[in-house]
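*Asks:* The following block contains the structure, expressed as structure tokens.
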Amino acid sequence: MDEQARIMQALGGVSLAGHSVQGGMALPPPHGHDGSDGDGRKQDIGDILHQIMTITDQSLDEAQAKLVHFFNLNVNIVFIRGAQEEDSPDPQLMRLDNMLLAEGVSGPEKGGGSAAAAAAAAATGSPTDNSIEHSDYRAKLSQIRQIYHTELEKYEQACNEFTTHVMNLLREQSRTRPISPKEIERMVSIIHRKFSSIQMQLKQSTCEAVMILRSRFLDARRKRRNFSKQATEILNEYFYSHLSNPYPSEEAKEELAKKCSITVSQGVGTTITVAQVSNWFGNKRIRYKKNIGKFQEEANLYAAKTAVTAAHAVAAAVRPSQTNSPTTPNSGKLKSESPFKLHSQQEKQYKSGGIET
DNA sequence: TGCAATGATTACTC
DNA sequence: GAGTAATCATTGCA
């Protein structure tokens, strides 16, 4: 490959080929640069740096001879292209910048992507649970961030070195033909723009890596955990003791979530949220309604359990006075024909003749 | 390994 | 916004 082609390639663009994040999270190739855009697009940053350093190491005369030829051939074309591409704020670049900033990849360090981790927590309805997964997420995001900054630094360094080199050559060339400062300035800005487009590819790759990371870690279905036995028992106890109206209030849900979390945190180190309690009751109501027969045994079991608990409580409470009055709803054997009170929405439908019971 | 159980999500209604 | 119904995706057991 001759020098002219090399320089053209250096200005053409690179990808992040060869870099990967620990754990198999490879940075994907940027869109539109999967090889269809010429071999130069696949050039690794290391090769670019090597080329630049090779040029720099050459004797000035040798490099000058080649570059003078290159500039004489291409400078007009580059100027025309440069004028066409000039001064248009790229919305794509702005989007990428905003996203990298929001994810905590660019900009000041936010604890390795704590903003995104917080968003993840919010998305799953829990600020504190899944802490193991989130710390893993943060670690991976931190790796992406590190690679991004390393590459960015390399690009900037390469850009500066290349600019300096070109400036030196132009100065050398100015001995043989007049070169105005404006011309040099223009050439520098063209080089900077070319390197900016390389940076954009880096940003795009980084954004894609973050997206993949997010989808992998934040898809809640993937990390579904069964509730502990104790937590399920607490929820079931409430459900069957309120079978006539298994719609816990917001306070009751919070209370249940707290109770379940206490029992769960002893073993697993996670919590159960109000949203999860809502999910649980939603699922339970539907599944109970769909197959009352199947749940009858379970219902009887919990009803008996509740009755025993209530009896003990009552016995303890009334022992001095020896009175006898059960306080727990649905104590004793359950009536299967009345699963639970209709939800207000269903109640309306029922009243209007829309539902048969 | 197949399958039932189960937590989460989605689309929809009110 | 809360609830239902259907469905998805994962877990855990025989």
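Every residue gets a Cβ built from N, Cα and C, even glycine.
Where the annotation comes from TrEMBL, it is an automatic prediction and has not been curated.
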*Asks:* Select from A:107-133, A:242-268, A:269-295 the stretch of residues annotated by TrEMBL as region 'Disordered'.
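*Replies:* Range annotated as region 'Disordered' by TrEMBL: A:107-133.
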*Asks:* For the domain 'PBC' (A:80-219), report the average pLDDT of the model, please.
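*Replies:* A mean pLDDT of 72 is what the predicted model shows over the domain 'PBC' (A:80-219).
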